[in-house]
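Notes follow the structure.
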Amino acid sequence: MDDALEIPSSDLKNVPTAEEPQDDQNSDDEEGGLDWTKLLPASARPVIPKRGEKEFEPRGAGGTNLQQHVLDRSRSAMFETLKSQRTISSKSVSYGTWYPSLGRTHVTTARGIHFSNMGHSAPRSVLGEDGVSKVQKRLELLPEEALYLIERGSLFCWYDRGTEPRIPDLPKDVDGTPMSVQQAFTEMIGRDGLTLEKFQVYSYLKRLGYVVTRTDPPDSYYPIPSDTGETSTHGHINLPVFTSIYSFLTSSISNVLRIVMGSMNWWKPIRIGRLWCASNKSYASLYRSLRFMPAGHNIPLNTRQPSEPTSPYKLFFNLYKPSTPFKKSAPPPPDFQIVVVNARTTPMPTLQELTNLFDQVPESPLPAPRPRRNLQPEGKEKSSPSETPTTPLKADVKAVSILQRFFLWFSPQTPKTEPTEPVRRINPFMALKTGKKIVIIAAVDTGNISFFRFGQGEFTEWSMA
Amino acid sequence: MSLITPSSRGKGSGTQQKAGGRRAENNRIYAHPLPLLFVDPPKTRMTSVLGLLGLSLTRVENPHCEGVFDPITRSVWVSKPEHSTILWRRGFFGKGDLSRSEPSWLARQINIKKNGGKQLTSEEVREKRRAERKQFKLDRAKAIAAVAEEAEKIFAEEGRVIAPALSGPNIPSAATWKPSPKPQPTEAETPEASEEPIPLVDLEPLEDVEHLQLTLQEAFFLLWNLDCLTVLDPDTLSPMPIKEIWLAFQRSELPPSISICVSGEDLQFDNPFLVNYVVYHHYRSLGWVIKGGIKFCVDYLLYKRGPVFAHAELALVVLPVYEDPADQKASNLDLQNSSPFAWSWLSTINRVNSQVQKTLVLVYVTIPARSRVPLKALQSPSCFSYYSIREVVLRRFIPARMRD
């Protein structure tokens, strides 16, 4: 059903509606080929086997007559579909002029809903009717935006001949020469950091309905996520450092002290049974005292970087889900941020590159709704199992006499035990698998896009013991 | 799932009861996450008085296992069955050298002699499952071929195109297919077959030739932190002191040098033993059971509680990172994955692991720069404080499914 959205077509009616049952479980769903027989007119549409099922067993050499027939039919349906001429209605097409000197396309006639989230306004000096140049705001498209619209047949583009721009009287009264799609590709790829890989990622995401903007503004008029987003980014960078340093200190304060003070006997790191302390003789405390290996993303990275100024790992696109309310002039903080690399020429990011990326990304909250949904019905049905773990604790506390509590209060080990146990009822596996900060890297291998999400893991915060 | 123990099963009739019974039994057998036991003395007035003072008489019981260091296989061999049982059941340390994980060779042999004991070992369960799976595929292929043949016939005779069903009531699927009852041996053969195994049982008792193999990381974790393993010198079979073990374990990973340096000048920070130990210790200390992951193109797998309780959900790839790239160039070791690998390889291992419902975790371990830390630090485990671990969780991002 996702393929339906990817089919390049200027006419929405051509898009086959999702008739197949959704099988989101099938991971190959979005990777299977197009079923071209579907694009035939409904009257001529043949009955075809459901896509995704393959015949398991090879039969004969080169397939049987029936298989050959079915294959031929599908193939000719594809050719028929591709052969048909693509047309645009003159009422729905937009017009624009590509200014090679600027690297921007000035939209002279904007039609359709695309411009609700594409293009930005830029003040340019134009020649008025009276021959005096004045500054006027106009709608401009970035190279990828113009190219995407041209490719899908929504924009007709003229090539600026280099004369002083002037206010067009009529939409078609443009000073320039018409551009072909091929010319648009050669002109616009390579401008403003747009590589072919980036354009492929851009158009793929756009066809899926995402709103895609640049992370780094290509010019000063380009709207970027409002300052709230900016400051929150900075705030987020500082905040977790404090909290995690705090938690690091509190969770393993004795370990840190042992290492820093040099009192730790490295030949015998764990001393069990020496002390008579009750709190010292349990698996939980044993595991706690084992946690002295330096771990986590907050430890300073001592890597020495060979002078390598240009890393290909830079955040390039901001991504907004189709459901996210998007205002073009004041974009909200993005849902995801994407790096695009060429998988053939670029190896995986180094630790330093990943660290740099994570430093720019705000902390993402855990996807909360899912566990809540699970917990609530359980809590109603089964007399709240989420509370059961806490009740024995309370019982323990009650069993402890006042005198003992008094002593526990004084014994140095007890206070530190509290922060290590997470009070939040979050499935640790979900937290571990999500990560604290998320960067998406799209590795484009000659047209095939693999998206990977790199999550900043925090295993130290979720112990199993 | 413990297969060696003579179990008290056979009472439960339903499968659910059986599964529950097994879980309870696993909880009993594998109750202790580490070889050390904390034994509470019987409750008396004395203990409660001490308890009030924050003191306890809880005894720590140390099993003191024994193993022989084998430098060639870079492992420690635990030959005493009682020791290997303790190390496996309390923390899932090691692997039987003739088994998949738990040393079960003897149990398997006894099963064979008994001509099919009731309690199958995990290896035998797997063999049975594989045979059944093979039969299922054959049956399915046969059914599909039959349907396709029919469609072909209709096409040839009437010119009608029928898509041959690849699933449906006539095609067995993994959910509906059931193994057919075992082909009964013909009655003429039965007496012979039943006669033969009986004398075999009375033959000489089997000797357990299997030993438990501990990786150097596992062995060092046990002996260094918990002091519950004594490692014997392979030549003299006398206990090795910890300082000797520390050097021997490191040297076993290094290319052999002509002269054994007593001063330890031959040691280096990028030793695979040290890098892997840092990872091993880190996840052990967080309560995970960490086992090798070579079957899934990864270095380690993380189990919650242990392999008998649940499948591993996390697969770790250890990625060593030199703090100083000059150290990497100067090193005589080609440390695995120390240079960023290609995207195609990442896709490969991620595909393998997502097939088996595991999440890939890239574990970056920094190797201290020689210019920052003197080589002298390698003389003792204090060098571990200069390494650091960072995790990066990796998953595929599928935009088509993230649209909401």
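From the backbone N, Cα and C atoms, a Cβ is placed for every residue, glycine too.
Here is what TrEMBL records for this protein:
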- B:1-26: region 'Disordered' (REGION)
- B:1-18: compositional bias 'Polar residues' (COMPBIAS)
- B:172-197: region 'Disordered' (REGION)
- B:273-365: domain 'tRNA intron endonuclease catalytic' (DOMAIN)
- B:Y303: active site (ACT_SITE)
- B:H311: active site (ACT_SITE)
- B:K358: active site (ACT_SITE)
Quick one, of the active-site residues B:H311, B:K358, which Cβ has the fewest other Cβ within 10 Å?
B:H311
For the domain 'tRNA intron endonuclease catalytic' (B:273-365), jot down how many residues DSSP puts in helix, in strand and in coil.
35 helix, 26 strand, 32 coil
Between B:Y303 (active site) and B:K358 (active site), what C-alpha distance do you get in Å?
11
Taking just the CA atoms, what is the gap between B:K358 (active site) and B:H311 (active site) in Å?
9
Any idea what the model's mean pLDDT is for the domain 'tRNA intron endonuclease catalytic' (B:273-365)?
94
